[in-house]
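For reference, Swiss-Prot has these:
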MOTIF     115-123  motif 'Cys-loop'
TOPO_DOM  1-203  topological domain 'Periplasmic'
TOPO_DOM  225-232  topological domain 'Cytoplasmic'
TOPO_DOM  254-263  topological domain 'Periplasmic'
TOPO_DOM  285-300  topological domain 'Cytoplasmic'
TRANSMEM  204-224  transmembrane segment
TRANSMEM  233-253  transmembrane segment
TRANSMEM  264-284  transmembrane segment
TRANSMEM  301-321  transmembrane segment
Amino acid sequence: APADNAADARPVDVSVSIFINKIYGVNTLEQTYKVDGYIVAQWTGKPRKTPGDKPLIVENTQIERWINNGLWVPALEFINVVGSPDTGNKRLMLFPDGRVIYNARFLGSFSNDMDFRLFPFDRQQFVLELEPFSYNNQQLRFSDIQVYTENIDNEEIDEWWIRKASTHISDIRYDHLSSVQPNQNEFSRITVRIDAVRNPSYYLWSFILPLGLIIAASWSVFWLESFSERLQTSFTLMLTVVAYAFYTSNILPRLPYTTVIDQMIIAGYGSIFAAILLIIFAHHRQAMGVEDDLLIQRCRLAFPLGFLAIGCVLVIRGITL
């Protein structure tokens, strides 16, 4: 380790294991999620004397005393954590051959950019990014990463199904450190990605079904005889869809793209607006003395079939992509 052997210019190899105990509190609006787990880091420094030549266990506040006496323990931090993570119990195991095993429990709220284009049929990744706070990749390198997710594999947490975890070790350059540490501004980083699939059941019953009923009600204008009743019904339901859009906007952050639910709402706007144009056109032809009941009769079938086809395409695309 750098503190144990300053003459050794080689970086210290640190292997890391992360055990995910629980993922919960997924906040779609703020794009955050809470992770409860354990981190185990292992590296090798100089051989040391231990009582009885057996591993020595040091816990919690005693660790600071060993660090103050010269024991090298790198500060590892999750860089995508929101605020300060709660680190519970900590433990060091010191071996006579120089090996050090650091074990700590952590609980924190993490953030990651999420893609909601297929919402509520979307898939997301819960990401953990770990870096050394002070040591660049010429001093410390992550050599291995193992992730254990047995407690959450194929389980439903909140509205998510956990699928699998993948890991990646990379070097990250921080250009703002170039003036302070020339050629020493690259840091080793561990990235853990946990794949999750949203369970859309809640949104199907609470959002998509009511929207479908509102739009289906708008087709009743093709069975009404009075022109004024047709217009009044259409405009009332158009305002209902507008209010529905405001309601659904509170479940997601402001996005520069449309989601599946947005596209369904847009299809609803289009359906009601097209119905308004058609009943006005039919009324105009009737005022001109041209009776055209066939147009209205065709709309009774064309509108439900057209919207059903659009809805099926959106749902199937969201499920299969």
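The count begins at 1 with the first shown residue.
The backbone N, Cα and C atoms fix where each Cβ goes, and this holds for glycine too.
Only residues 6 or more beyond the boundaries of the topological domain 'Periplasmic' (254-263), in the same chain, are considered here, and those with a CB under 8 A from a CB of the stretch are 116-121, 203, 207-208, 211, 248, 314-315, 317-318. Listed by sequence, the residues of this chain that lie at least six past the ends of the topological domain 'Cytoplasmic' (225-232) yet keep a Cβ under 8 A from its Cβ atoms are 276, 279-280, 283. In the motif 'Cys-loop' (115-123), helix, strand and coil residues by DSSP number 0 helix, 1 strand, 8 coil. Through the fold, the topological domain 'Cytoplasmic' (285-300) approaches residues 219, 222-223, 275, 278-279 of its own chain, all at least 6 residues removed from its boundaries and within a Cβ separation under 8 Å. As a summary of secondary structure, the topological domain 'Cytoplasmic' (285-300) carries 11 helix, 0 strand, 5 coil according to DSSP. Here the topological domain 'Periplasmic' (254-263) has, by DSSP, the following mix of helix, strand and coil residues: 4 helix, 0 strand, 6 coil.
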